[in-house]
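Per Swiss-Prot, the features are as follows:
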| type | residues | note |
| --- | --- | --- |
| DOMAIN | 29-292 | domain 'CoA carboxyltransferase N-terminal' |
| ZN_FING | 33-55 | zinc finger |
| BINDING | 33, 36, 52, 55 | Zn(2+) binding site |
């Protein structure tokens, strides 16, 4: 729906002044693309998996939206929903970690920064973990690590292919060494999954950085990424200051990493489900309907 059509529907029979004026995004009906500046009717944007129809920019989406885009309707069965983070170090910077947790849980409706569960993609059973950047920047703490590890172990036991959707700033500093240990714990579980001969694919979305990049995000049999996703370990400014040289403009993008062999395929969000299904079938995974 175009801006003109929307005004026509809303104000039939009324004089409309300043028709070309951009609508207020604050009303929740419109979204402005940060890439091309196009103002899009929000319902149209959501119906296109939050991808700009004008320039292809991938807007950030939360874990619930991500699951809806990826899996068959009503097929997702969540796991370990009761797990909740604590504050073992009594950490406090400008604010107490416990207060940050409570506020973030209230604003997002999540207990921590990842949702895990079993699902189907075009009828093919799969294990799925989806990180949510809204929860403290998608940072990886003890609960995130535990939930992903448990999911990997279930996938290994049931011989299920596994997809982890990465969206994270890295390890959660408020949990110190406990958060860093999740890198090794998840990596160990993934190695056992690999030894069992089962497919694992990480999907790198914007942004995937820090300890997540340094562990399970780069351990896949096939590494997928969304277009123009920021992927890296340290930040661009830190690297430039360390090397004392200017980095390429597209440095740490999905396209740059694919060009240099770190990413196998860049898949537009609107094609993800069909692409996943094709890859799963290519690796011998069958749908429940076909197998029955």
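From the backbone N, Cα and C atoms, a Cβ is placed for every residue, glycine too.
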(message) I need the neighbours of the Zn(2+) site defined by 33, 36, 52, 55. Which other residues of that chain put their C-beta within 8 angstroms of the C-beta centroid, in sequence order?
(response) 34, 35, 37, 38, 40, 53, 54, 56, 57
(request) Count the Cβ atoms, other than its own, that fall within 10 Å of the Cβ of residue 36 (Zn(2+) binding site), considering every protein chain shown. (result) 12
(request) Mind giving me a neighbour count for residue 52 (Zn(2+) binding site)? Other Cβ atoms within 10 Å of its Cβ, every protein chain shown. (result) 20
(request) Would you mind checking how many other C-beta atoms are within 10 angstroms of the C-beta on residue 55 (Zn(2+) binding site)? (result) 11
(request) Would you mind listing, in sequence order, the residues at least six apart from residue 33 (Zn(2+) binding site) in the same chain with a Cβ closer than 8 Å to its Cβ? (result) 39, 40, 52, 54, 55, 57, 59
